[in-house]
Every structure is written in structure tokens, then in C-alpha cells.
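Visitor: Okay, these came from Swiss-Prot:
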type	residues	note
BINDING	GLN37, LEU38, ARG39, ILE40, LYS41, ASN69, SER108, LYS137	4-amino-2-methyl-5-(diphosphooxymethyl)pyrimidine binding site
BINDING	ASP70, ASP89	Mg(2+) binding site
Amino acid sequence: MYQPDFPTVPFRLGLYPVVDSVAWIERLLEAGVRTIQLRIKDKRDEEVEADVIAAIALGRRYDARLFINDYWRLAIKHRAYGVHLGQEDLETTDLKAIQAAGLRLGVSTHDDMEIDVALAAKPSYIALGHVFPTQTKQMPSAPQGLAQLARHIDRLADYPTVAIGGISVERAPAVLATGVGSIAVVSAITQAADWRAATAQLLDIAGVGDE
């Protein structure tokens, strides 16, 4: 039963790029993306605050669902649409502050145990990864594959879900066929020979999400 402690999100968030710069946020929102995440790693809050402010402003301009990865204090301060946290961040984050600020919350998971932890937090959506091998970041876990992803989707029923990890234009239809609500992509766009064409193809496949 989908009864989060945080504001709800649509079951289908559509194509969900995860990018590390405001420039990419602007490009992709201009290209029609409506769900996006700014993920800048290993910097102090004061080093990323200007980028967070700019990204949130772009999200508002395009009426997009803009999630900030990790920097939850800045997301609250500048009123982002939502925050995305990894498992390792859950214990050190003031979830009640995010909830009180009215921000949505997404949580990463990699196995059944982490799904249990995520469900206990009652977030707005649950991310399931990594589906395929990925070069984007070092992963301690093995790729889950489509069968495991489908099993998690069955378990989570009406909970909004996002698949992530090694998803390419070619693999996207099979990922969506598991019933997952959304697909998050990184290198499929940012490392594409023609990012505009890749984005257009992925939007055709995954859509922009439900209202």
C-alpha cells in the first residue's frame, strides 16, 4: 500500500536523468525532460549551494520534478521538489526535517534488505539498482538483472519505482516491461555521441511521467 510519510509522486516519473551539472539540467529540461536529479558528489554544502539554487530555479521555470541528491539541508533551504538519498545517507539525515518542509523523498536500494529499510522510511519513491553493469560509479553489489527487478516490482506493487544502472536506449524497453514506473539514466545521455537524439529516443520510450 502506497502511503508515504512524504508528499506523493506520480507512479510513473518517466525518463529520469541523473546529472552532475546545472548545464545538463538546463539542456535536458529544454529538451523536454520533466523529472531530473542533480547529483554532485563529495563537496561541502557551501561549494554546491549556487548550483543547487540554479538547478531549483530551472526546475521551477520548466515546472519539472527536480531532485537534489544528498544535499538535503540545501534542498530544504531553497525548496527543491525533492531529495534523493542513498542507503548510507538515511542514518545521518534528518528525515523529519525533509518531511516537515514538504519535500518528496526518493531512496536507493540494491537488495531485499535495503528495500525493507527504504519501506520503513516511507519515502515518495524507491529506486532499484543497479539493473545492469555500470561504469558511472563503483558498486559493491552485483547487477540485479531484469528477473530480479521484476520480482522487486511485484513485491512493491503500487509503490512508485525507478530502475537505475546501465540502462541504455536499447535496454530501456525491456526494463519498462518489468512494470517499473520510471527509468533513471546517466551515461546513456551524457556520454552519447548525440545526446539530443538519445534523449528524444528515451523520451519516446519512457515518456515524461504522469501529472
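Using N, Cα and C of the backbone, Cβ positions are placed for all residues, glycine too.
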Visitor: Can you grab the distance from SER108 (4-amino-2-methyl-5-(diphosphooxymethyl)pyrimidine binding site) over to ASP89 (Mg(2+) binding site)? Cα atoms, rounded to a whole Å.
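Guide: The separation of the Cα atoms works out to 10 Å.
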Visitor: Looking only at ARG39, LYS41, the binding-site residues on record, which one has the least crowded Cβ, with the fewest other Cβ atoms within 10 Å?
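Guide: So among ARG39, LYS41, the binding-site residues given, the one with the fewest Cβ atoms within 10 Å is LYS41.
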Visitor: What are the sequence-distant neighbours of ILE40 (4-amino-2-methyl-5-(diphosphooxymethyl)pyrimidine binding site), meaning same chain, six or more residues apart, C-beta distance under 8 angstroms?
Guide: ASP20, SER21, VAL48, ASP51, ASN69, ASP70, TYR71
Visitor: Any idea what the Cα distance is from ARG39 (4-amino-2-methyl-5-(diphosphooxymethyl)pyrimidine binding site) over to ASP89 (Mg(2+) binding site), rounded to a whole Å?
Guide: 14
Visitor: Need the DSSP three-state call for ASP89 (Mg(2+) binding site) to compare against my parser.
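Guide: It is helical.
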Visitor: Round to the nearest Å and give the CA-to-CA distance linking LEU38 (4-amino-2-methyl-5-(diphosphooxymethyl)pyrimidine binding site) with ASP89 (Mg(2+) binding site).
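Guide: About 16 Å separate the Cα atoms of these two residues.
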Visitor: Distance check, please: Cα of LYS41 (4-amino-2-methyl-5-(diphosphooxymethyl)pyrimidine binding site) against Cα of ASP89 (Mg(2+) binding site), rounded to an integer number of angstrom.
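Guide: Answer for this pair: 13 Å between alpha carbons.
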Visitor: Please work out the number of neighbouring Cβ atoms within 10 Å of the Cβ of ASP89 (Mg(2+) binding site), leaving out its own Cβ.
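Guide: A count of 15.
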Visitor: So if I draw a 10 Å sphere around the Cβ of SER108 (4-amino-2-methyl-5-(diphosphooxymethyl)pyrimidine binding site), how many other Cβ atoms end up inside it?
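Guide: Summing over all protein chains shown, SER108 (4-amino-2-methyl-5-(diphosphooxymethyl)pyrimidine binding site) has 22 other Cβ atoms within 10 Å.
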